[in-house]
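Written out below as structure tokens is the structure these notes cover.
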Amino acid sequence: MDSKENLKPVLELRSLHKSFGDNHVLVDFNLKLFEGENLVVMGKSGSGKSVMVKCLVGLIQPDSGSITIKNQDIITMGHKELDLLRTEIGFLFQGSALYDSMTVRENLEFPLRRQTHKVADFESTEALVREALENVGLSDTMDLMPAELSGGMQRRVALARALILKPKIIIYDEPTTGLDPITAKEIIELMRNIQKKYHTSSLIITHDVDCARVISNRMILLVDGTNYVEGSFDELSNSKDPKVQAFFKN
Amino acid sequence: MAKSTSIKTRSESFFTEIGDMALFSGRFFKEVFSQPFEFKELLRQSYNIGNRSLLLVGVTGFILGLVFTLQSRPTLMEFGAESWMPSMVGISIVREIGPVIIALICAGRIGSGIGAELGSMRVTEQIDAMEVSGNNPFKYLVVTRILATTLMLPLLIIMGDVIALFGSAIIENLKGHVSYMLYFNQVFDALSFSDIIPATVKSVFFGFAIGLVGCYKGYNCSKGTVGVGEASNSAVVYTSMLLFVIDFIAVFVTDIFFEI
Ligand SMILES: Nc1ncnc2c1ncn2[C@@H]1O[C@H](COP(=O)(O)OP(=O)(O)OP(=O)(O)O)[C@@H](O)[C@H]1O
Ligand SMILES: [Mg+2]
């Protein structure tokens with residue numbers, strides 16, 4: 001832990017507050033994501049996990065608090081800079097959010113269309129799309145529509161789309177929810193491979209204990225809108241606190 | 001008491017909505033002139049809109065011409081004024097009936113489609129996904145659609161007018177033994193620029209209204225599948241209302257400028 005204190009976080013949330021009317025979703029939430037780690041945030045359904053990550057990428061304006069990504073404050077940032085920063089963050093949506101009027105290929109090309117300078121660094125759009133699909137093991141679905149894919153395949157295409165610009169920070173919002181245990185394991189395996197291959201820092205939102213056990217270096221529990229406890233999986237799963245235990249009992 | 005507050009809140013929310021829609025169109029005008037332009041998507045949307053409404057507008061226009069002529073014939077004959085038929089049908093279709101009926105049809109066809117499409121994209125977080133990928137969804141989805149309807153509606157209306165006149169000519173040819181040549185000569189004699197230009201300008205505004213309301217409703221759709229249905233339904237209702245308001249204003253302004 002001491003060595004971590006010296007590291008600079010790539011992403012930091014300080015004292016985040018967000019309410020929808022009388023519904024106080026986030027009350028003083030804090031989080032630091034360090035380089036190269038897999039941080040898991042667990043919380044009950046409706047506890048505000050999705051709201052938190054949407055604040056992170058500027059989709060929701062928080063009421064107060066600060067958000068810094070790579071030492072840049074995203075709340076005060078202009079539109080252009082924010083769009084640029086967003087290309088360095090991969091975001092996997094809870095419901096995949098594939099563009100259903102486009103083919104798989106067009107879905108993957110979409111994040112590239114304003115990033116011509118980035119594409120030039122690699123060979124071509126075509127090669128990038130092919131590589132991204134190979135990474136998730138779906139090379140032969142290139143010209144299918146999202147509706148023609150199963151839920152697990154859609155999740156993998158969404159993963160490929162989130163990763164196509166080779167972001168250094170990846171945010172996964174419930175990557176395994178709604179999938180059967182075997183497909184869920186495959187997705188977790190993919191996430192680990194990608195982390196190994198590209199040395200990314202990941203923020204993983206989940207309420208799947210198995211997923212957390214396999215992938216986490218560190219965990220934060222989100223309870224009542226705040227970061228209730230923090231620690232490794234083993235520390236938290238052996239905790240005596242009934243609120244913490246509730247997450248790990250089956 | 002309870003009833004009056006509910007009317008009060010309802011009218012308040014109505015005016016808030018009008019204000020929001022004005023802001024939304026303000027954003028459209030701001031973004032339509034800024035780089036980068038989405039030409040390819042604009043073409044695709046224009047093609048989609050034209051392609052989706054072509055048959056509907058054609059059939060409606062044709063039947064409109066047939067029915068209008070059949071209905072007016074007996075009355076005109078009573079006054080011995082059948083020879084006025086082409087001018088009367090021409091002027092009423094080009095000035096008023098054609099644009100309004102076709103715009104209403106397109107509000108049902110195009111407006112509800114846009115509302116449902118953008119609404120479901122909002123609900124399934126596809127719009128959020130576009131934003132997170134560093135693209136501007138307003139520009140890609142909204143600006144292109146509003147431009148496309150604004151460009152396509154005048155074309156659809158002109159096409160519908162022509163088909164309606166053709167339908168009318170068929171009846172005149174069958175019942176009154178007027179040759180097509182004579183019929184169309186008389187129509188074009190009766191029409192002047194003060195009929196055609198205001199009607200075309202009006203159709204541009206109709207197209208803008210259809211695109212604007214459809215996009216506004218879809219883009220600001222509330223969560224859930226109920227929200228999508230609501231968005232597409234209220235897009236049609238609001239557009240139809242707005243079309244008549246625009247029509248009234250257009251007639252009013254035309255009256256001042258051209259003294260019809
Ligand atoms: N746009 C919004 N407007 C109003 N309330 C919202 C909005 N988005 C989220 N909420 C509310 O915020 C709370 C947290 O929602 P959120 O989606 O973050 O939950 P979650 O922790 O991600 O749950 P799940 O595990 O089911 O995905 C919920 O009570 C929800 O009703
Ligand atoms: Mg969620």
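Each Cβ is built from the backbone N, Cα and C atoms, and glycine gets one as well.
Bear in mind that TrEMBL entries carry predicted annotations, made automatically and left uncurated.
Under the heading transmembrane segment, TrEMBL lists B:54-72 (among others).
Here TrEMBL flags B:84-107 (among others) as transmembrane segment.
Listed as Cβ neighbours of the transmembrane segment (B:146-171) (distance under 8 Å, sequence separation of 6 or more from its ends, same chain) are residues 28, 32, 42, 45-46, 48-50, 53-54, 57-58, 60-66, 68-70, 73, 85-86, 89-90, 93-94, 97-99, 101-103, 106, 110, 114, 178, 180, 183-184, 187, 199-200, 203-204, 206-208, 210-212, 214-215. Here TrEMBL flags B:146-171 (among others) as transmembrane segment.
What TrEMBL records for B:191-214 (among others) is transmembrane segment. Same-chain residues lying 6+ beyond the ends of the transmembrane segment (B:191-214) with a Cβ under 8 Å from its Cβ atoms: 21, 24-25, 28, 90-91, 94-96, 98-99, 103, 106-107, 110-115, 118, 145-154, 157-158, 235, 238-239, 242-243, 246-247, 250, 253-254, 257-258, 260.
Residues or ranges marked as transmembrane segment in TrEMBL: B:235-258 (among others).
Away from its own ends, the transmembrane segment (B:54-72) comes close to residues 85, 88-89, 92-93, 97-98, 101-102, 105-106, 109, 156, 159-172 of its chain (Cβ-Cβ under 8 Å, at least six residues beyond either end).
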